[in-house]
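For 133-157, 191-209, 230-250, 256-274, 295-317, 358-380, the entry in TrEMBL reads transmembrane segment. Positions annotated as domain 'Ion transport' by TrEMBL: 134-392.
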């Protein structure tokens, strides 16, 4: 019986599925309690109610909620309803309904977030606890990054004592050894900031790793709603901090490499907190879609072009004096210069005091046509197309991100800082379950007009059927009065329909 219930949730005919679902439950002996067919999960741990959310079946979801609601009182157009939050609220569920909706890839599932009582529950959680805590977390993270940045700016350096090995060597400071790094009062003050930075990196890893193991790396890092790219950024940042710490403790030179990566990744992660604001949240979604969609594909083409032309430029200037034309004096510098030329950051290197190789003009002409005119405009066109496609659903994705952020904060914060939302059913004699109180306003004029419309539609349909029957009977026998009778029938139907719609317009 439980397998049949799960199959009915997946049926394309939603009305038939609802009727059959009710019929099967009518024969269930354990309608309440753990033995009920509705509470038995499938192999994936999903009950029929959760499966309807994962599949985006809004009809079955509304059918389930109609069974779960209790009318508290009604006064005129106002009605107060209690909705059962079992399996919905993420406060006491390991795999809640809200988390399943935001983690699925089906767009239909996100439409459930706009339905009652999901919309009201998320709004209550976000406005009361989610937004204040998230804003505080954003402020705390920015102060943390300022502390880390100041530690990097004032890192321990000393003047260089060795001789220069090349005329292009421009280094004047080198890194201090560990014994020389913490001597003065300023060094001790920097040490406090470095300890705060390292503790923050450890806390980030401690908070992120359990979620990766629980959800799975592919789902955790691969979905925009869950903040996948930003989780990659913040974990990489924490690893760079720990690598910098090890290099400092072992007095290994070259700590500037992980430190530079950590600074870039740490400040880029500030964009994650834009999801808490309606003005900025949709734009971060657009940036994610463009970076991990268009830009990633474009980078492969760009790498091929840069690699080919950088090699050509290096070969051309290999025999030239680097003091006069030093942009291509070695192969790594040729790659970097070609990348700058590709993005039109710099102009083509030219020294009019010396003769340029002839092949440089030919290769640079081809490079300007292919890179600047063709590929950059191709990237702009691709991003414009992505913006047009994502613009239709970016607000919907942002609302789903708010739900995912609310669920994340509810799991991370202690219970004392995030009390359970809703009303305990013991206050109304409904047991130990928790309910959400929703006030609904019913417009009687709207329902009155809908009844008029259905009545007039039925009347028009009956008149059309009668006219069709008369037309079929008169088709075999040809009378002279046939056109008159047929026109009379149609005029009568038209007059009846016209009269009905006039009443509807007058009531409106």
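Cβ from N, Cα, C; glycine included.
Just so you know, TrEMBL annotations are computer predictions that nobody has curated.
At the 8 Å Cβ threshold, with sequence separation of at least 6, the transmembrane segment (256-274) comes into contact with the transmembrane segment (133-157) through 3 or more pairs.
Within the same chain, the transmembrane segment (230-250) stays apart from the transmembrane segment (295-317): fewer than three Cβ pairs sit under 8 Å, each pair at least 6 residues apart. Distant neighbours of the transmembrane segment (295-317): 325, 327-331, 334-335, 337-339, 342, 357, 359-360, 363, 367, 370-371, 375, 378-379, 382; these residues of the same chain sit at least 6 beyond its ends, with a Cβ under 8 Å from one of its Cβ atoms.
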